[in-house]
């Protein structure tokens, strides 16, 4: 396990309305020693002020997943989608051969979201967009499975409900745990995971203490699974995300 304190993240303030924390090399933050973790290429923790946001811009050949923490995110794209999502909801795009979109905070409150880029298992995919509106009960004191590999399904068509399928051997789990709640998670052999404490605090198998915005890289061995105990702080609880994937 490698602990990554929040103070080590690069803080980007390129304009008056945006404050971002980059977990990996991105935009003006160039660090060849911190380009990615397995298929996880980008994890940005973004704060967007009211009545502002990311204007229309393009992406290609990337699986993009956005998890809304606070406020309302309004999305519009070049394939005809337009919607506004709130806390606990997710949006995703297979950028594929090319897609353009905007991400705006049209409300009066601060918007916070995590944007995660995962490298696809192949290039040239047909662009696709989808979303899920999850309730707190879906992740309250349990690990909610929100994203997985298309190969677990019979077709590449998204059913529009349940776990979100993307084009990569990757799984994402989220949880919002009350104070002192302990949850078990098994990282299978030859797998790795990146975990972020979104809110609150938690301990990881009594070996790593994660504070607000801290992260940790976890790698299982080649022979045995790695059981983990995730304990939310006794006073403030914990809201966290786990991105699990094949060992690079």
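Placement of Cβ uses the backbone N, Cα and C atoms for every residue, glycine included.
The model shown is predicted, which means the values in this text are computed figures rather than measured ones.
What TrEMBL lists as Fe cation binding site is 57, 59, 101, 103. The domain 'Pirin N-terminal' annotation in TrEMBL covers 15-118. Under the heading domain 'Quercetin 2,3-dioxygenase C-terminal cupin', TrEMBL lists 157-244.
Taking the features listed in TrEMBL, we show where each one sits on the structure.
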residue : record                 : CB count, 10 Å
57      : Fe cation binding site : 9
59      : Fe cation binding site : 18
101     : Fe cation binding site : 23
103     : Fe cation binding site : 21
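Across the range of the domain 'Quercetin 2,3-dioxygenase C-terminal cupin' (157-244), the DSSP-based residue counts are 0 helix, 54 strand, 34 coil. Excluding 57, 59, 101, 103, which define the Fe cation site, the same chain contributes 54, 56, 58, 77, 93, 99, 100, 102 within 8 Å (Cβ to the Cβ centroid), listed in sequence order.
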